[in-house]
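Trainee: Please find one structure pasted underneath; my questions will follow.
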Amino acid sequence: RAGMRSTRWQLGAASLCLMLLGLSMAVLSTVTHYGPRFSLVGTAAPQGSSYRALHHTAFYAGICLSVTLILAALLSAAATARESQCLTAMGFFCFALAFCGLVPAACWRYVHSTEVEDSMLDVYDLVYEEVRRNSSSFRRHELTAIHEAFLCCGKHSPLGDTATVERRTCPPSPVQAARQDCLQEMQDFLKKHLGFFSTLLGITIGFTVYGMALTSFLWFSIHFSNNLDRKGKYTVR
């Protein structure tokens, strides 16, 4: 019983942490999808581009994982309070389901680490070169909005003089005076964002494994405790 009480306390604490992690993942997914910088690049990206596919996939995958984690935390908390084998088994199943989604996400993050970065930089290159070639008013407004959002100005291009494009699309001083390369600024922004995502993913995987271990131990504790409670009870005929 003492070990069971300790497991219940630990599982309750782990459930609270996992709920907070699930909410953090939902917030991060929402910021990634609706944040001004990502949204501007997504609007400028052509239909069928790799950036749009990655943008939508990251959002829906993050929301699904966050919902699974929150559900697992709620089920585990309910199982801890009621000592229910059914709720404990359902909590373990949700933890296992979240684990099966988190591990491929972590593997994809490290195997395809430059794919998101390349897709965003390709969109900027496309918009920039279209403005440089024909000064389209529509694309010029998009490029200006990207410069203002990332606080940068143009890029180093081997294809010709870029002063005209930068004069029309770069925001006024003091950003224009700094003349930061937008490609480098985007790379730095994505590295910080993906670094935070990787940290959150690693912590969530650790707590998920911990939750799976605790729910399985709690299930066996409830099972054997119920069997022991039945022993020694006799009926007189």
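Keep in mind that glycine also has a Cβ here, set from the backbone N, Cα and C atoms.
Unlike curated entries, TrEMBL annotations are predicted automatically.
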Trainee: Choose one of C153, C182: the cysteine that TrEMBL connects to C170 by a disulfide bond.
Mentor: C153
Trainee: How many neighbouring Cβ atoms, not counting its own, are there within 10 Å of the Cβ of C170 (disulfide bond)?
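Mentor: Cβ-Cβ neighbours of C170 (disulfide bond) within 10 Å number 20.
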Trainee: In whole Å, note down how far the CA of C170 (disulfide bond) lies from the CA of C152 (disulfide bond).
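Mentor: If we compare the Cα positions of C152 (disulfide bond) and C170 (disulfide bond), the gap is 8 Å.
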Trainee: If you count Cβ atoms within 10 Å of the Cβ of C182 (disulfide bond), leaving out that atom itself, what do you get?
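Mentor: I count 23 other Cβ atoms within 10 Å of it.
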Trainee: Distance check, please: Cα of C153 (disulfide bond) against Cα of C182 (disulfide bond), rounded to an integer number of angstrom.
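Mentor: For C153 (disulfide bond) versus C182 (disulfide bond), the Cα atoms are 6 Å apart.
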Trainee: Where C170 (disulfide bond) and C182 (disulfide bond) are concerned, what is their Cα separation in Å, rounded?
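Mentor: Distance (Cα to Cα, whole Å): 10 Å.
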